[in-house]
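Worksheet for the structure shown next.
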Amino acid sequence: EGFSGQYCENKTSTSLCEPNLCENNSTCQENENDFECECSEGFDGKLCELRISPCESSPCVGKAKCVETIDSIGHTCVCPSDHYGNDCTFCKPKDDCEGHFTCNVDNGEKVCIENWNGGNCNVWIGDPYTCLDPVNISHDLGGFWNGNMVCDKDG
């Protein structure tokens, strides 16, 4: 289309976009002496011949794994156990040995519980506590209290 002759040596159209050389349902736009392809979503290159992986832009947050959908157009984020959401933005609150934090409702980031600090809010920065046992009762706390304080086993 746009050419004639035994070997397509004669151009029959004055439009640089006829025939449309742009691939993958992309649109051809003429400019002064050339043409430019406006690529469909997921494609790039002079003629839109290159497929862009939906995971190339790193759409999943943190340690989440990006997996292309079967059609190679979309993606799914596989979240680590402490996050959730379409792109794994939102954290799951914790208050145990792995961390002591709530989650910001606007952006999903960790917010350390009072007296805790660090990337996972597992560094105690408060005043040291002494574990007090009631009189005549003895039990081994194993070094930790299941609450918001760390107890010295010998305290």
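Glycine too: its Cβ is placed from the backbone N, Cα and C atoms.
TrEMBL has this to say about the protein:
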- CYS39-CYS48: disulfide bond (DISULFID)
- CYS60-CYS77: disulfide bond (DISULFID)
- CYS79-CYS88: disulfide bond (DISULFID)
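According to DSSP, CYS77 (disulfide bond) sits within a strand segment. Distances between the Cα of CYS60 (disulfide bond) and those of the disulfide-bonded residues CYS39, CYS48, CYS79, CYS88 are shortest for CYS88.
CYS88 (disulfide bond) has CYS77 as its nearest neighbour among the disulfide-bonded residues CYS39, CYS48, CYS77, going by CA to CA distance. The number of other Cβ atoms within 10 Å of the Cβ belonging to CYS60 (disulfide bond), over all protein chains shown, comes to 22.
The number of other CB atoms found within 10 A of the CB of CYS77 (disulfide bond), across every protein chain shown, is 20. CYS48 (disulfide bond): 21 other CB atoms within 10 A of its CB, across all protein chains.
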